[in-house]
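Participant: Questions regarding the structure given below will be posed in turn.
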Amino acid sequence: MGMVADRKTNGRNGEGRYSWGFGSLIRRKQVDSVHLRREGRTQLARKLSAVDLVAIGVGATVGAGVYILVGTVAREHSGPALTISFLIAGIAAALSAFCYAELACRCPSAGSAYHYTYICVGEGFAWLVGWALILEYTIGSSAVARGITPNLALFFGGEEKLPAFLARHTIPGLGVVVDPCAAVLILIVTMLLCIGIKESTLAQTIVTTVNVSALLFIIIAGGYLGFKTGWIGYEIPSGYFKFGVNGMFTGSAIVFFSYIGFDSVSSTAEEVKNPQSDLPLGIALALSICCILYMLVSVVIVGLVPYYDLDPYTPISSAFASYGVQRAVYIITAGAVTALCSSLLGSLLPQPRVLMAMARDGLLPSFFSDINECTLVPVKSTITTGVFAAVLAFFMDVSQLAGMVSVGTLLAFTTVAVSVLILRYVPPDEVPLPSSLQKSIDTLSSRCSDNIQEINNNNLKDLAGSFGSKGDALLRNPLIEKGVVAQDVQKEQMRRKIAAWTIALLCIGVLILASSASAEFLPSILRFTLCGVGGVLLLCSLIVLACIEQDDARHGFGHTGGFICPFVPFLPAACILVNTYLLIDLGAATWIRVSVWLVIGAMVYIFYSRTHSALLNAVYVPSAYANEIYRSSSASVA
């Protein structure tokens with residue numbers, strides 16, 4: 001108790017201790033949903049159910065990629081084992097889904113991975129994640145919109161037969177190909193998102209239903225043809241694993257990106273009626289449905305046509321055409337168009353909420369945090385992101401920047417897994433309070449100091465009674481009881497230090513292992529040595545984390561009673577390893593482009609966000625006393 005009082009007394013000294021230098025990178029905020037209710041701000045409308053979340057997750061995940069990836073990956077990497085590649089990728093995606101599910105239940109507010117990282121890791125890392133997600137959603141939505149035009153043209157008999165106001169045109173002298181259809185579609189989706197979350201989710205449900213129906217047609221009709229003809233695609237002399245196990249895993253790494261999108265569910269956490277139960281259910285069902293659909297489609301298509309005969313651009317349509325089912329191309333094209341539309345909606349939905357969360361925290365102008373009182377959605381953020389994405393899609397062919405989309409998602413997946421480890425072993429034990437509450441903090445600190453002696457005496461009497469005849473010795477030596485308490489506190493502090501350093505070493509080990517495994521240009525001896533060093537660090541860190549106890553404070557952190565991630569620390573560690581490897585494996589060209597964006601973000605943070613942060617002058621106090629301080633402040637005002 002005495003140490004708690006000391007920490008409270010030092011609350012004034014804590015003011016601004018994270019304001020300057022590297023300290024600002026690690027200052028952490030409290031769970032937003034509680035904080036917002038205390039300040040009485042307008043929140044997003046809680047209207048979404050588990051069914052709505054499944055529609056958002058499936059719609060954002062099952063894009064047109066499956067209509068193309070099946071042919072490319074089967075021909076070049078997996079062969080007939082494409083189904084297993086999808087299964088392995090689905091399991092890898094499930095690792096991140098488990099981590100998202102726990103954090104979404106504990107911290108059900110807008111912002112997704114940015115929000116979780118700010119609470120568990122720190123402001124600087126959260127800014128990095130949020131800035132990368134802005135890039136991902138902007139380029140992703142523009143790329144998806146650009147892909148709709150050629151697919152839509154198939155219904156008109158080719159791009160040259162499209163209406164003039166939808167067809168692509170080349171600006172004379174500049175060589176820039178503009179795409180009005182892509183821009184118009186983005187603006188339509190933006191207006192739909194401004195109407196309300198329930199209305200836009202209804203549209204997402206309808207479009208996703210059409211897309212899933214097209215995939216079911218492929219599975220059922222293709223299965224009928226397969227059983228009728230004997231699945232000739234599997235009757236090849238090279239066997240099931242044509243490219244070996246390595247080819248199968250390479251294919252898994254490629255098709256893993258077809259599972260990106262389920263994290264859109266967590267971005268709507270503040271708009272879910274029952275987040276503790278519906279969020280994990282929505283994430284789990286969305287990912288499971290996507291995995292099952294991908295696997296069944298790959299089973300059918302690879303079975304209908306030998307993998308080496310699949311068309312790399314239109315594998316599904318050409319597979320049905322080889323059996324004389326020409327009309328199936330219209331159903332498949334309708335599925336591809338609706339898949340792109342649902343992906344577009346899934347890309348534009350989360351970005352305004354990330355911007356809103358960052359603006360709430362002071363890292364972006366307050367303009368982005370405004371919520372419309374009629375529709376209860378961030379209209380200003382939605383319009384801003386929609387217009388910017390429409391302009392980008394109109395003037396630029398962003399297909400070359402598609403690799404940059406993956407950086408934001410993989411970075412978010414990695415930091416979310418690290419956040420789960422921090423939450424379990426070293427959860428935040430201090431809460432940032434506004435400097436306006438300094439008087440209440442000082443009052444409570446003074447009261448605690450005055451009561452220390454009385455409390456200690458009572459504790460001594462109770463403790464002496466429990467020891468019987470030995471209690472007299474304890475009463476004669478009051479320092480013994482204080483020593484016991486101090487020893488327990490020191491043990492807990494030591495456990496937290498060991499856990500924190502172990503998590504840091506685990507991340508370093510993963511980075512060394514993933515980097516050396518991807519560095520094929522290194523000499524074999526150096527490469528294997530680095531892999532060994534990284535593997536040893538990772539293994540030793542896991543052993544230490546498995547042996548030490550998790551923090552008891554995790555049971556009361558955030559909102560309790562929701563989903564709990566299993567197999568900690570092993571599952572989050574596997575998630576960190578998989579996503580870090582995929583991040584490094586994106587290639588130098590992608591990272592050079594991303595680095596430009598990240599440098600711009602660093603400049604914005606240094607010259608604006610750091611000095612406008614809501615935590616700039618915050619006073620940090622022990623978490624157990626935050627509610628008491630708020631009650632004391634309310635009482636004094638009354």
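For all residues, glycine too, the Cβ spot is worked out from N, Cα and C.
Pulled these features from TrEMBL for this protein:
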{"type": "TRANSMEM", "residues": "48-70", "note": "transmembrane segment"}
{"type": "TRANSMEM", "residues": "82-101", "note": "transmembrane segment"}
{"type": "TRANSMEM", "residues": "113-134", "note": "transmembrane segment"}
{"type": "TRANSMEM", "residues": "171-194", "note": "transmembrane segment"}
{"type": "TRANSMEM", "residues": "206-227", "note": "transmembrane segment"}
{"type": "TRANSMEM", "residues": "239-262", "note": "transmembrane segment"}
{"type": "TRANSMEM", "residues": "283-308", "note": "transmembrane segment"}
{"type": "TRANSMEM", "residues": "371-395", "note": "transmembrane segment"}
{"type": "TRANSMEM", "residues": "401-423", "note": "transmembrane segment"}
{"type": "TRANSMEM", "residues": "498-519", "note": "transmembrane segment"}
{"type": "TRANSMEM", "residues": "525-548", "note": "transmembrane segment"}
{"type": "TRANSMEM", "residues": "560-584", "note": "transmembrane segment"}
{"type": "DOMAIN", "residues": "563-613", "note": "domain 'Cationic amino acid transporter C-terminal'"}
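Describe the structural context of these features.
Facilitator: The list of residues near the transmembrane segment (48-70) in space but at least 6 beyond its ends in sequence, with Cβ under 8 angstroms from a Cβ of it, reads 82, 144, 147, 151, 197-198, 201, 204-205, 207-208, 211-212, 215, 254-255, 257-262, 264-265, 268, 271-273, 277-279, 281-283, 285-287, 289-290, 293-294, 297-298, 301-302, 310, 312-316, 332, 335-336, 339-340, 342-343, 345-347, 349.
Residues 55, 58-59, 62, 66, 289, 293, 296-297, 300-301, 303-304, 316, 319-320, 323, 325, 328, 331-332, 334-336, 338-339, 341-342, 345 of the same chain lie 6 or more positions beyond the ends of the transmembrane segment (206-227) yet place their CB under 8 Å from a CB of it.
Distant neighbours of the transmembrane segment (239-262): 57, 59-63, 65-66, 69, 72-74, 77-82, 84-86, 88-90, 92-93, 97, 100, 283, 286-287, 290-291, 294, 307, 343, 346, 406, 409, 582, 585; these residues of the same chain sit at least 6 beyond its ends, with a Cβ under 8 Å from one of its Cβ atoms.
Long-range contacts of the transmembrane segment (401-423) within the same chain, counting only residues at least 6 positions beyond its ends with a Cβ under 8 Å from a Cβ of the stretch, are 95-96, 99-100, 102-103, 106, 112-114, 116-117, 119-121, 125, 128-129, 132-137, 139-140, 143, 257, 260, 263, 503, 506-507, 545, 554, 557, 565, 568-569, 572-573, 575-576, 579-580, 582-583, 586-587, 589-591, 593-594, 597.
Residues 418, 421-422, 425-426, 527, 530-531, 533-542, 544-545, 548, 551, 569, 573, 576-577, 580-581, 583-585 of the same chain sit 6 or more residues outside the transmembrane segment (498-519) yet have a Cβ under 8 Å from a Cβ within it.
Outside the transmembrane segment (525-548) by six or more residues, the chain places 421, 425, 495, 498-499, 502-503, 505-506, 508-517, 519, 569-570, 573, 577 with a CB less than 8 A from a CB of the stretch.
Within the same chain, residues 92, 95-96, 98-99, 101-102, 104-106, 253, 256, 275-277, 279-280, 406-407, 410-411, 413-414, 416-418, 420-421, 424-425, 506-507, 510-511, 513-515, 517-518, 538, 541-542, 545-546, 550 sit at least 6 positions outside the transmembrane segment (560-584) and bring their C-beta atoms closer than 8 Å to a C-beta of that stretch.
Mapped onto DSSP classes, the domain 'Cationic amino acid transporter C-terminal' (563-613) shows 40 helix, 0 strand, 11 coil.
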Participant: Counting only pairs at least 6 apart in sequence, do the transmembrane segment (171-194) and the transmembrane segment (82-101) share 3+ Cβ pairs under 8 Å?
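Facilitator: They are not in contact.
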Participant: Express the predicted model's confidence over the domain 'Cationic amino acid transporter C-terminal' (563-613) as a mean pLDDT, rounded to an integer.
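Facilitator: Mean pLDDT across the domain 'Cationic amino acid transporter C-terminal' (563-613) comes out at 92.
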Participant: Should anything in the same chain at least six residues away from the transmembrane segment (283-308) have a Cβ under 8 Å from its Cβ atoms, list it; otherwise answer none.
Facilitator: 50, 53-54, 56-58, 61-62, 66, 70-71, 74-75, 78-80, 82-83, 85-87, 90, 93-94, 97, 100-101, 104, 212, 215, 218-219, 222-223, 225-226, 229, 231-234, 236, 242, 255, 258-259, 262, 265-266, 315-316, 318-320, 322-323
